[in-house]
C-alpha cells in the first residue's frame, strides 16, 4: 500500500494493484489521486452551522400552491375532503365517560373512556365485563345521555342493572337474531349521533346468518371474522363523525400452537383481528380472587389491564372489587383515594367527612354508602384534582 501523509487537509496518495498474469507477465497498475481529510473540528462545526437563509419568495409560492390545492379539493370532491385539523378535533381535551371506578379512570390516563371511539373489553367468563359495561351506562345516563344495550348472549338481567344504578326505562335494549343485523344496528345508531353509549354483548355470541340457516355440523371457516372486518370499516367511519362510545365485550379462546416440538396454548379473542385494530382502547379483565364476608362469598377481585391505549400511555393496571348484585366497591376506593389526596382527613382510626367524625374504616365506608350526596361530592372533588376537569 502507499504511504499516506496527514500533514494537510488535501493530500496526495499512491497505491499499487497487482492484476492476474497477462501474456505470461504480471502487469502492474499504478494509480494516484487526491483525498480530502479535515483534521480540524472547527471546519466541521462551521459546515454544520451554516443554515440556509429563509427565502420569503419561496414561502409565498408554497402558500399559494397550498391554497390552490385546497381550492381544487373543495371543488372536485365533497366537504369531507376538506383538510382541517380543527374540523375533527374542536377541543384539545377529549370528552370522556367515566368507567364508574376512579382507579380505572386513573389507569386510562384521560379520566374515562373517550367518546367517538371503539373500545374492546375482553376476558374469561365471569370476570366482570358486563358489570363494567353497566357502570359505563350508568355514568353516561348521569350526564343525560341515551344508551343502547345490544344483547347477543340473551343474558341481560334488568334487576341487576337497576341494582347497579342503571335506569332501565331509558335504556334501549335489542336482541338481534344475527351478526349482520346486530352490526347494522350499531352503524345506524352511530350515524344518528343521538346515542352516547352502545354496548355489544358479546362478539363471541355473534352468529352469521348463514350459520343460523345451515344444519348443525356444517363448517363456515372465518365467516364471523370476515363479517366483523367489513362491518367495522363502516362503523369506524361513522364513529369518527359522532360522539358515540361503542363498547364491544369479547371472550378469549385457547389456541394451541406448536413451537419446535413444544406445543403451547395462546389466548386469542373472538372475531379476528379487525376489532383489536380498530379499538382505541383494549381492556383485559382477569379474576384474581374471591371476596368473603362472614364465611360467605360476596364478591370477587379483578385486575383490569390496559392492553392498548391510543390516548395515553398504556400497559397500566387497576385492581377492582365487585360486590355480587351491586357492582363495584366504589365507596372503598373513593375512601382510599380521598384520604391519599387530603379530601378526607384521617387521624388514627378516625375519619372526618363533611364535619362528621367517624370511627373505623368500615363505618366510614358505610357512611358513604348511606349518604350518596356526600359520596358524589367527594368524587367530584377527586375528579377535579386528579383530572383537572
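Count begins at 1; order follows the chain as displayed.
Any Cβ shown, glycine's included, is placed from N, Cα and C.
Per Swiss-Prot, the features are:
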{"type": "BINDING", "residues": "123, 124, 125, 126, 127, 128, 129, 130", "note": "ATP binding site"}
{"type": "TRANSIT", "residues": "1-15", "note": "transit peptide"}
Binding-site residues compared (124, 129) - highest count of Cβ atoms within 10 Å: 129
Assigned conformation of residue 123 (ATP binding site) - DSSP reduced to three states: strand
Neighbours of 123, 124, 125, 126, 127, 128, 129, 130 excl. site residues, C-beta within 8 Å of centre, ATP: 251, 285, 287, 302
Neighbourhood of residue 123 (ATP binding site), C-beta criterion under 8 angstroms, separation at least six: 129, 251, 252, 284, 285, 286
CB contacts for residue 127 (ATP binding site) [other CB atoms within 10 A, all chains]: 23
